Amino acid sequence: MKELIQRSRKSFTVVHPIESDVPDNVWVKCPSCRELIYHKQLAERMKVCRCGYHMRLTAREWLALLDEGSFVEYDAHLRPTDPLGFVSPKEAYADKLRETQRRTGLADVVVSGVGSIEGYRLSIAVCDFNFIGGSMGSVFGEKMARAAERAATLGIPLLTINTSGGARMQEGVIALMQLAKVNMALTRLAAARQPHIAVLVDPCYGGVTASYASVADIIIAEPGANIGFAGRRVIEQTIRQKLPADFQTAEFMLQHGMVDMVTPRSELHGVLAKLLRLYAAEGRSGAYSSEAVAPTLASI
C-alpha cells in the first residue's frame, strides 16, 4: 500500500495558475441589474448602466461636465490636520488621512475651481465620496466657502455637486461649524445676486443636506439618489414606524417639493447650460452677454 501511494504521488503534475494580463477593472458589474459592462463603454456613458443605474463618479470624473480645458483648480494646497489627535480602536485619524490621500490622489473630499459650460463661466466645487465617505471636515467647509466667495467676487454662478455621509466625526465640533460657515458664504453669494445650483447625487446625507445643499436656488437630483439627513434605519428605529419603500429617493423628494428636478446624468450638461443661459439673460451676471436668449424654466 505504501508503494502504491508513493507511485500515485509521482503520477500527479502540479499545475500553477497562469497570471492574467487583464486588469481587474476591465469589466464592471452593475450593482442593480448585475450586467457586466466593458469599462470603456461605461466611461463613455459617464458610468450609467443601460438599466438606468447611476454609478458613483469621482470628483475628477465629474469635471467632464465642463468645457474641455476650461477648468482651473483653486485651493489644491489645503490639507486637513488632526486637531483632536483622534484615535479609534481600528486606526488613528492621521493614519486614515494619509492612506486615503494615497489611495484617491486627493487632499480631501472637495475639488474646486473655475470653469465653463458652453462658454458660461462658473465657480464649481465637487465632492468625492471615496474620500472618507465624503465627510464634511475643516478643509471641505473651507473649500466650499471659498468657492462661494469666489463666485461672488467674480460675478459668476456657483455649481456644487454633492455627495456625503455627513460631518466628519474625527474633527468634532470643528466639522460641525463648517455647516454655518458655508451658509454664511452663500449669503454673500446671494447678496452679489449670483445663483447657486446644487446637484445631489447618491448618497447625500447629514450636514451637507441639512445645510447648504438644501438652500440652493436650483436643486437637481440624479435618478434614484438617496437624499436625507438621518438614514432610513435610524428614523424607523426612532419613530417605530415603517417608512415608504421609496422614502428619501430623489423621486420621493421631487414629489414632496424638496428638489426642483430629477435629471439623468446624460442630460445634466444640457440642463445646466440652459439654467446658466437663463440667469445670464436675466442680467444677474456681468460675465454673460445681455443678448442671450432666455429659456423658460418649464422648458428645461
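Along the chain as shown, the residues are counted starting at 1.
Yeah, the Cβs are placed from backbone N, Cα and C, and that goes for glycine too.
Swiss-Prot lists zinc finger at one of the ranges 30-51, 118-139, 272-293, namely 30-51. The Zn(2+) site is defined by Cys30, Cys33, Cys49, Cys51, and by the 8 Å test on Cβ atoms against their centroid, the other residues of the chain that qualify are Pro31, Ser32, Arg34, Glu35, Ile37, Arg50, Gly52, Tyr53.
Burial estimate for the binding-site residues (Cys33, Cys49): highest at Cys49, by number of other CB atoms within 10 Å. According to DSSP, the zinc finger (30-51) comprises 6 helix, 4 strand, 12 coil.
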